[in-house]
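Copied over from TrEMBL:
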BINDING   A:E47, A:V321  Mg(2+) binding site
BINDING   A:C66, A:C69, A:C354  Ni(2+) binding site
BINDING   A:C69, A:C357  Fe cation binding site
DOMAIN    A:120-283  domain 'NADH-quinone oxidoreductase subunit D'
DOMAIN    A:288-360  domain 'NADH-quinone oxidoreductase subunit D'
Amino acid sequence: MTGKRTIVPFGPQHPVLPEPIHLDLVIEDEHVVEAIPSIGYVHRGLESLVDRREYSDFVYLAERICGICSFTHSSTFCQGVEGLMGIEVPARATYLRTMWGEYSRLHSHLLWLGLFADALGFESLFYNAWKIRESILNELEATTGGRVIQGVCKVGGVRRDVTNEFLSGMDKRLDDIEAEMREMTRVFLSDYTLKKRLVGKGVLKADAAYNLGAVGPVARASGLVEDVRTSGYLAYGDISFKPVTVEGCDGYARCEVRCKELFQSVDIIHQIIAGMPEGDVSVPVKGNPDGEFFSRSEQPRGEVIHYLRGNGTKNLTQFRVRTPTLTNVPSLVAMLAGAELADVPQIVLTIDPCIGCMER
Amino acid sequence: MKMLKTILKQFVHKPVTTTFPAEPAKRYAVTRGHVMFDPSKCTSCGICMKRCPSQAVTVDRAAKLWTIDLFRCVICGQCTELCKFDALSLDPAYSSSARPDERGVETYEITYVKPEKPKKDSEIGE
Ligand code: SF4
Ligand code: SF4
């Protein structure tokens, strides 16, 4: 016997999800039959600003697309302009960009783990995750001058150099951070209650993930080897690492991928610091961008694409961003079908939604 | 048993938070706190006004006024890098909080005087 169908509106404001997405959940006996997403609550029109801001000033705006992936947005944008203009960035600058990108990944994943623990009602774990995140933010502030918006990327390189003494200090401090993270992730991966609420919830099989175009930890938790870093942009070509993949396909697997990526990032930063080349951190830039370019990067949440088109003037004619959250929405809808109503908030959180950067 | 270890650790370690404002906030030498303006060096070239991404600065050449809207400034530091005359710098201390009607728009009178050109030898001789 099938029950009566009801539609439960979820969001755009919800206690566990401070992100403005609205879902119409079609419910049948406590089970979600279908989820219909609607977006468009926070559109800021950032992309159309390219014709009013010079490309070199737009780096600051690109950085403000998202508060968490800010560094990756600015480096992806710079990478795009550099590709358009054929600028060769000094090796030290690409290494520094990679390092800051990995620090951003650490702070983003720790932020998500904390928020997730909080959403499940595990307050002390939330505090612990954010305590560790604080030390990552301190490193970022000490090297770039900003905690969340680093403002350190520019077309042609980076604006600040980090001394080698400071880098070796960071190397040592990372070991302490890693020890703390190990203790914290152990709770995430072995706690009975967390497991109970994650294992088997929000299942996304590998072929479904592939067909729906999942990216980032969502794809990797379904066993897909999807990682733009393997394409070797920035300094990733010189680094040895293997994308973290897990076969679980459920909420627990996505949590596990993010936990494991913390240690992967620490490892990458160690390698970056060890192999840091000497030299300048920026080159002078002349001329204006002309032509079109696709710039791709791996953000903490997955692949981001910046499309740029210039016509030889100071302003770009077109700028388009596709963020990982947007790419993961179809996967989210697939995960929600068949889930229990009580699990919806956690499942939505496991894709690490960032609606602000999805809609720009 | 694991839990006991965690509990005992809570008793011995120091608090991880800063008891602000009793204890000053942590800052680094490179922290971008707020923009400082030196009126004696600004030549009112207007670069900072033209290139500020958030349009926080206005330079009035005729009236010799330099204005910054602190509530618009996102402290990106671009103007301090572009100013060729060292009139702008970044201070690591954050500016204190205020209501828009109390403060926010700060106007400075530009006191820069163009240095006199050194006289040419031929002029001195006459
Ligand atoms: S502050 Fe510097 S950049 Fe701005 S108008 Fe004065 S001299 Fe020019
Ligand atoms: S710091 Fe940035 S936002 Fe603030 S006045 Fe300077 S250029 Fe404008």
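Just so you know, glycine gets a Cβ as well, placed from its N, Cα and C.
Taking the centroid of the Cβ atoms of A:C66, A:C69, A:C354 as the Ni(2+) site, the other same-chain residues with Cβ within 8 Å of it are A:I65, A:G67, A:I68, A:S70, A:H73, A:S108, A:Q299, A:P300, A:R301, A:T323, A:T325, A:G356, A:C357. Computed over the domain 'NADH-quinone oxidoreductase subunit D' (A:120-283), the whole-number mean pLDDT of the model equals 84. Each residue contributes its Cα atom, and for A:C354 (Ni(2+) binding site) and A:V321 (Mg(2+) binding site) these two points are 14 Å apart. The DSSP breakdown of the domain 'NADH-quinone oxidoreductase subunit D' (A:288-360), given as helix, strand and coil counts, is 28 helix, 28 strand, 17 coil. Counting only residues at least six positions away in the same chain, the Cβ atoms of A:S104, A:S108, A:Q299, A:P300, A:R301, A:V304, A:T323, A:C354, A:C357 sit under 8 Å from the Cβ of A:C69 (Ni(2+) binding site). If you draw a 10 Å sphere around the CB of A:C66 (Ni(2+) binding site), it holds 25 other CB atoms from the protein chains shown. Proximity of A:E47 (Mg(2+) binding site) to non-local residues of its own chain (separation of 6 or more, Cβ distance below 8 Å) is seen for A:F319, A:R320, A:V321, A:R360, given in sequence order. Secondary structure from DSSP puts A:E47 (Mg(2+) binding site) in a helix. Sparsest Cβ environment among the binding-site residues A:V321, A:C357 (other Cβ atoms counted within 10 Å): A:V321. Under DSSP, A:C69 (Ni(2+) binding site) is assigned to coil, being neither helix nor strand in the three-state scheme.
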